[in-house]
Amino acid sequence: MEYKNTLLMPKTEFPMRGNLPKREPAIQEKWAEMNIYEKVQERTKGRPLFVLHDGPPYANGDIHMGHALNKVLKDFIVRYKSMTGYCAPYVPGWDTHGLPIEQALTNKGVKRKEMPVAEFRKLCAEYAYEQVNRQREQFKRLGVRADWDHPYITLEPAYEAQQIKVFGEMAKKGYIYKGQKPVYWSPTSESALAEAEIEYKDKKSASIYVAFEVKDGKDVLEGDEKFIIWTTTPWTLPANLGISVHPKLEYSIVKVNDEKYIIASDLFDTVAKTLEWENPEVVRTVKGSELEYTVAKHPFYDRDSLVMLGEHVTTDAGTGCVHTAPGHGEDDFIVGQKYGLEVLCPVDDKGVLTSEAPGFEGLFYDKANKPITEKLEEVGALLKLTFITHSYPHDWRTKKPIIFRATAQWFASIEAFRSELLQAVKETKWVPAWGETRLHNMVRDRGDWCISRQRAWGVPIPVFYAENNDPIITDETINHVANLFREHGSNVWFEREAKDLLPEGFTHPSSPNGEFRKETDIMDVWFDSGSSHQAVLEERDDLQRPADLYLEGSDQYRGWFNSSLSTAVAVTGKAPYKGVLSHGFVLDGEGRKMSKSIGNIVVPKKIMDQLGGDILRLWVSSVDYQSDVRISDDILKQVAEVYRKIRNTFRFLLGNLADFNPAQDAVAKAELREVDRYMLVKLNDLITKVKEAYETYDFAAVYHAIHNFCTIDLSSFYLDFAKDILYIEAANHHDRRAIQTVLYDVLVALTKLVTPILPHTADEVWPYIPGVTEESVQLTDMPEAIELQDGEALKTKWDAFMTLRSDVLKALEVARNEKVIGKSLTASITLFPTAEMKEMLESIQEDLKQLFIVSEYKLGGTIEEAPADAQKYEHTAVLVTQANGETCERCWVVSETVGNDNEYKTLCERCATVVKENYVK
C-alpha cells in the first residue's frame, strides 16, 4: 500500500502564484459585469452616509505615484466604511480647466492666437475629456471602486452653472470686488497667479545698496544726508515712490568720509562691514517715527520719494530703510494706499518695461537689472553690487520666475470673513493634528484671493460692464448666466455678444443706450475645484455637505483645502468638510524627489504590469503615508514577499478545508480544544486590532497585524503543529474537524479583513471558500469577534505557553546545530520548568509533543533540578536527546510503537489504526 495515498494532503485549485498582472484585469471585468459599485450601494442603502469627497486630479497626462497613493488611500477608507454599517458612495472628479491644457495644445501645434477663442476652447475640452478617459482607465486598473460612469468634471455645464451660483452668492454678500493691486504675475503665462500656483526655487539675483539723497528734511534732517536702501530687484527702481521706515526702530545718521547716511541702528555693524566703511562715525540718532513725511529724491528720475512708516520693515536684512514701489509689492501697496501714493507699475503683461520707465522701455524686466544698475553707478547712487542666491517664487507650471505686478483684478475678500474661516478651521478634525495649525496660519496671514486670470480656458467671470464701466453683478444676471451655462456650457460666453448673454429686456441706469460689454477674464482654477462642495456634494442625491472627509496631499493646504474652505464659508458659513486627512509625497528609495533629470521616476503602470495592482496597494498600506514615503524596486520586492506569505496562507487554509462542509462538519465552540479556542482568541485580537486601525486610518497597523498573524500566529505555530492532525488523522477525527472549524473562521475573517487593501486577491479567494453565498466578498460586512466565555483566561494561559514554547524552539535549534538531532521530529524533550510553568503545563490536555512538534515529551523536575547538559532559559530548562524508537513511514514521528502491528510493521500504532479503519476495504 502506498501510504502517501492515505494522507489527507491539502487540495485546492486556488493558484499558488498570483500572476496578478494577468489575473487582475479579468477580476475587474467580472466586477464591471456584475456592476459591483451599484451592488454595494444597493446593499448599503438606508445606512448612515459616509462621504469621502474626491479632490479632483488635473486631467493631463498619465497618473503618477502621488495619484496612486492618493486614490488607493481613499479606496481603503471607502471600502472599509461600506463593510462597517455605512453607505459610502465614492464619486471621482477631474479638474479640467487651466493653463497646462492650453500649453499641451500649443505644444501640439495649435495656434491659439489665430482662431476664435470659442474654437480654441472646444479643442481644450476635447483634450480634457481624452485625458479624463485615459486617467479613468488607469485608476480603475488600481482596483479603485468608484462611480466611474458618473464622475464630476469641472468643465461640465451643470458644474459650471453651480460655480457661477457660488460666485454670485459671494458677490451678493459683498465679498467680490475689482481692484488695482499687486498680484503674483507670471510673464511666461501672461496671467495672474494665486498663492497655490507658485513654488519657491533658488534664483541668482543682483543685490544692491542704493543712496537716496534727502530733499526735504522737515526740520528733522539737515538735508545733506542720504537714505540707503537695499534691493534684489533693481528693475523695480523705476517704480519707486517712497522709502519705508519702522516707527519704533532707532535710525543712525552715520558720517563716512564726507557723506552722511541714514540706516537702522541695529544694522549698523552689518551695513558698515558690507559697504566696507572705514572709521564710520554715528553723528546722532532719530526715531523712525520722526522721519515720517521727510522727502528723498529718486536717484535717476526727477521725482520725490516719500518717507513713510511701515510695520513690515524688519532688521533681518538690508538697512531698515525699505525701497517702496506700490505697484510691485503687497506691503508697498498697503503703505502707499495709506499715504495716498499712486500705483505705478511700468511693466506690461509680458514682463517688459513700458514708457513709464524712461530709458529702459522695451527691456524684459530681468534684462533691465544691468542697465539700471549701470545708471545708478553713473549718477553716483550705487554703493555696492553683489550677487546672491536666494529662494524666489516661480510659476509652478512654466517653472519660470514670477513678479509682483499691480493690475486690475477681481478679488475675493478674505478679510471680510477671516474670523469665520478661522472658526471653521477650529471646528474641523485634522489628521495629522498639525494640519490645523498649518491651515490656521495660512488663513490668518493670507491676503485677499485674486480670482481672475487672463487666459482663455476656464470659467468666465460672469460680470457685465455698463457704459460708464460700472461692473454689473445682480441676482438676475447671475441666475440667467448660470442657466445659460447649464444649457449650453460656458463656451456660450465666448460665442455671444454681451446683450445676448443678459436677460431679455435687461436695463441698467448706467447704460442709458442699452449698451453693455462682458468681462474677458476667467476664474482661477482653484475657484473651479473649490466650488465642488456646491456643484457636487450639494447637487447629487447620493452625497451630502459637509463631507465627512477630504483626503489629499499636503500641498493642498494651500490649494484645495484652502479654496474649498474659502468658498464654502463665504456661501454657507461652515467648512465643506468635517475632517481633513493629508498624506506626504512619494520619493525614491533614497528619499529624493522624483525627476526626469535624475531618471528616478517610478510609474504606477510599470508596477501594475510587472507585479500587479494588489502589490502596489499593499505597498500603500505598508508606509507611514502622513509623512513623505519611499518607493523603489527593493522596497517593492519586500512588499511582494509579504504578499506571497499572505497568499500562501490563503492557499494553505483553502487546501485544508477541501473536505470541510461548515454546515455539517463544524465543531461547536464549547467542544473545541483549548488550543483551538486560543487560536480564536488570537483571531479576535486580530479582528479588533485591524478594525481599530482602519477606523483611525492607520493602514500600516493593518498591514503589520495581518502579516504578523499570517507568519507568527498561523504559519509558525497553529498551522505548523496542525499538519500532524490535518494530514494524518482520519477525515472525521474530532481534533481534525476542530482545527478545520478554526481554519474556516480564520479564512472567512482574514479574507474580509484584507478586502479593502487587496480587493482582487480577496475576491479571488472568496468563491473557493466552502459555503459562501455572496457573489463577492465586497458584498459582506467586516467580521465580528467570536464570543468565547473563557477568552481572557485562555489568553493568559496560552500566552504563557507560547513564551515557554519559544524557549523549547531555541533549545531544539541549539541541539540541531550541535548535531544532537536532525529534524525536530527526531527529538525527545524533557522540560524542567519553574513552578508556575509546571502547573500550566500539567493543566494542558492537548498532546504536548504535537504542540512542540517533537516525537517524545517528558515533564521533569523543577528548573533547579535540571541536569548540567540541559539548555537553561528564564521559564524552563530543556534537555534535548534523540527520541527512542523507529520512524513511522506515514507520519514521520519516531515511536517505540512502530512495528507493534504485525500487518503494518513500518507504522506507529496511531497510523496503523487510522489506515485499518479508513483505508482497508
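Every residue, even glycine, has its Cβ placed from backbone N, Cα and C.
Listed features, source Swiss-Prot:
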type	residues	note
MOTIF	57-67	motif ''HIGH' region'
BINDING	Glu552	L-isoleucyl-5'-AMP binding site
MOTIF	593-597	motif ''KMSKS' region'
BINDING	Lys596	ATP binding site
BINDING	Cys888, Cys891, Cys908, Cys911	Zn(2+) binding site
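Feature map: annotations from Swiss-Prot on the structure.
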residue: Glu552; record: L-isoleucyl-5'-AMP binding site; contacts (Cβ under 8 Å, 6+ apart): Gly55, Asn70, Gly559, Trp560, Phe561, Ser582, His583
residue: Lys596; record: ATP binding site; contacts (Cβ under 8 Å, 6+ apart): none
residue: Cys888; record: Zn(2+) binding site; contacts (Cβ under 8 Å, 6+ apart): Val894, Ser895, Val898, Thr906, Leu907, Cys908, Cys911
residue: Cys891; record: Zn(2+) binding site; contacts (Cβ under 8 Å, 6+ apart): Asp724, Tyr727, Ile728, Cys908, Arg910, Cys911
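DSSP assigns Cys911 (Zn(2+) binding site) to a helical segment in the three-state reduction.
Sequence-distant contacts of the motif ''KMSKS' region' (593-597), counting only residues of its own chain at least 6 positions beyond either end whose CB sits under 8 Å from a CB of the stretch, comprise 64-65, 585-587.
Counted with DSSP, the motif ''KMSKS' region' (593-597) comes out as 0 helix, 1 strand, 4 coil.
Residue environment of Cys908 (Zn(2+) binding site) contains 28 other Cβ atoms, counted within 10 Å of its Cβ in all protein chains. Averaged over the motif ''HIGH' region' (57-67), the predicted model has a pLDDT of 92. Compute the center of the Cβ atoms of Cys888, Cys891, Cys908, Cys911, which mark the site for Zn(2+); besides them, the chain residues with Cβ within 8 Å of that center are Ile728, Glu889, Arg890, Trp892, Val893, Ser895, Val898, Leu907, Glu909, Arg910, Ala912. Using DSSP to sort the residues of the motif ''HIGH' region' (57-67) gives these counts of helix, strand and coil: 3 helix, 1 strand, 7 coil.
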